[in-house]
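J.: The following block contains the structure, expressed as structure tokens.
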Amino acid sequence: MFKLLRPLKAGSSLISIRHSARFNSNLVKDDGKPSGGALNGSSSSSSSLEKLRTTQYEYPKNPQFNIPPHVKEKSNDNWLVRYGKYIPIAIALGVGAWSFYSVYYFTNPDAGKSGQEILSPDHFTEFMITKKKEIDDDHFIIELAPRVKSDFLSKFVNSKGYWDGSKLWSVEVKQPEIMVVRKYTPLPVILAKAGEEGQLAMRLISEEGDVGKFCLYIKKYQSGEVARWISKRPVGSILEIRGPYTEYQFKPQPIDRYSEFERPKMQNLPSKVPSDPYTASFLPQGVPLPDNLVFYGAGTGIAPVLQLLLSKNPFKGHVWINYSFKKQAEVPEEFLRLFYFLEKMGRITLQTFDESKNQYLTNVMTPSTPNIQEIETDPEIELEVIKQRIVAEKMKQLKQNGEATNDDTLGELEKLFKETEAKITVGKPKESNPPPTTKTSELTSYNNALHQGYIERDQPKKDPSLAIICGPEGYIGYVAGRKPTELQQGKVAGLLGNQGWDEANVFKM
Ligand SMILES: Cc1cc2nc3c(=O)[nH]c(=O)nc-3n(C[C@H](O)[C@H](O)[C@H](O)COP(=O)(O)OP(=O)(O)OC[C@H]3O[C@@H](n4cnc5c(N)ncnc54)[C@H](O)[C@@H]3O)c2cc1C
């Protein structure tokens with residue numbers, strides 16, 4: 001109470017005394033009058049203050065009005081009664097505006113390209129760290145969500161085509177204090193609470209509910225700039241992100257012409273993944289099985305192959321994965337689980353190299369010739385390309401055997417050309433390709449991808465025709481020869497160079 005009077009002594013305004021007194025029930029008697037005791041007890045009371053006090057708290061009685069009935073009625077009137085007549089107009093306007101926007105959004109291919117795009121390579125977009133999981137002292141995973149205010153709005157942000165297994169892509173994360181960016185590889189997964197203790201476990205994004213969300217698997221270097229900074233950002237912080245940037249675009253395969261041959265996407269429950277709609281026995285004449293890939297990844301360099309295998313339209317060929325790490329504790333256990341199921345489906349073959357157990361990569365696979373890359377849709381050009389390849393291969397063979405070309409060779413080539421002409425279904429655009437007449441189920445009776453993997457796993461596979469390497473500089477140098485700069489591939493050397501791989505079939509990330 002004394003405290004309330006002190007401000008006055010110190011020059012506080014009268015208004016503040018009035019205010020305090022009014023809202024402090026201790027200062028007011030039951031009858032609504034001020035407690036004289038409290039103020040009398042004040043050593044600082046003066047006669048002027050006493051006077052002021054009495055005049056201030058002697059409230060006049062409420063005047064009694066004779067309120068006419070119609071006025072009373074109006075004062076009790078609620079907003080619904082008052083504005084109710086406008087409600088149908090407001091609803092009609094809202095529905096009209098919404099219909100107009102919907103028609104615009106779904107018919108205009110550019111809708112959502114400005115402002116509503118989740119990501120843009122031209123400017124930074126804000127993402128929130130929604131979850132975070134420490135893997136070991138140096139590795140962590142963060143879940144990021146676009147900073148769109150509500151789930152409802154998030155349905156309208158444009159994320160079409162980001163998760164596409166025909167390319168490997170990255171984003172840049174900005175460290176705003178020193179204004180530098182670093183690239184990271186988005187994974188189509190989120191962190192969800194699981195188990196009784198609510199530990200965070202990784203699960204694949206759902207296209208409906210997790211629009212724009214992704215995770216990054218990051219290693220922090222003790223003297224590094226950006227990853228260390230990111231590792232200190234708590235959940236709820238904002239990261240500025242730019243992208244997507246295509247790092248590698250896979251060359252189109254003949255099988256890509258057939259939309260019905262898309263490989264089903266990986267799911268949280270592997271038993272729910274349907275079997276592939278294509279098998280060796282079920283492909284139109286002249287369409288080969290997709291090319292295979294070998295991936296060499298070290299540390300967080302494993303992320304691109306996970307992106308490739310977990311995205312929509314996953315890589316259609318077989319993938320051999322060579323995964324090197326310093327110790328198993330740095331590997332998220334979900335990665336190994338996903339790899340395990342992908343292996344069971346027959347999509348990958350995994351080999352790990354644990355440095356803490358003195359396991360090192362020393363051997364690499366040999367390359368095979370890739371499928372014809374039919375970029376042209378003109379049948380004649382396409383056939384010409386194939387003929388040239390046949391000639392080139394025949395010449396190579398003759399050179400290796402130390403033989404010269406003669407009439408027999410030419411005759412043999414003519415025969416090969418004729419056979420090819422008869423066999424090939426030349427490049428027509430995807431839409432006009434008639435779907436194969438035989439139903440997959442008539443040729444294969446797989447229940448799901450796991451069943452298919454079980455049956456086909458041990459069947460011989462064509463060697464990979466492409467090698468991708470991702471990891472620290474030293475690792476890339478050892479496996480495939482150094483990259484002179486971030487943007488240059490340089491010569492293929494190292495283990496792959498020794499095994500006959502070259503610039504045409506090797507990509508260093
Ligand atoms: C396409 C692409 C995708 C990538 N995806 C991922 C990913 O998913 N996850 C991931 O963790 N990383 C990824 N990276 C790597 C990432 O971009 C960064 O390079 C990494 O996070 C290190 O950045 P930093 O700023 O933390 O460290 P930096 O500051 O760049 O330092 C990196 C290393 O260099 C050392 N160093 C720093 N300064 C010096 C110096 N002056 N002299 C000598 N050594 C020095 C540091 O000690 C550290 O060992 C990707 C890279 C690319 C190109």
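The backbone N, Cα and C atoms fix where each Cβ goes, glycine too.
The model shown is predicted, which means the values in this text are computed figures rather than measured ones.
As listed in TrEMBL for this protein:
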BINDING   ARG182, TYR184, LYS219, VAL226  FAD binding site
DOMAIN    122-251  domain 'FAD-binding FR-type'
REGION    28-51  region 'Disordered'
J.: On the 0 to 100 pLDDT scale, where does the domain 'FAD-binding FR-type' (122-251) sit on average?
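T.: Summing pLDDT over the domain 'FAD-binding FR-type' (122-251) and dividing by its length gives 90.
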J.: Can you list, in sequence order, the residues of the same chain other than ARG182, TYR184, LYS219, VAL226 whose CB lies within 8 Å of the CB centroid of the FAD site?
T.: VAL173, LYS183, LEU216, ILE218, GLY224, ALA227, ILE230
J.: Just name the winner among ARG182, TYR184, LYS219, VAL226 (the binding-site residues) by count of other CB atoms within 10 A of its CB.
T.: TYR184
J.: How many helix, strand and coil residues does the domain 'FAD-binding FR-type' (122-251) contain under DSSP?
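T.: Summed by class, the stretch gives 10 helix, 64 strand, 56 coil.
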J.: Max Cα-Cα distance in Å among ARG182, TYR184, LYS219, VAL226, the residues listed as binding FAD?
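T.: The widest Cα-Cα gap among those binding residues is 12 Å.
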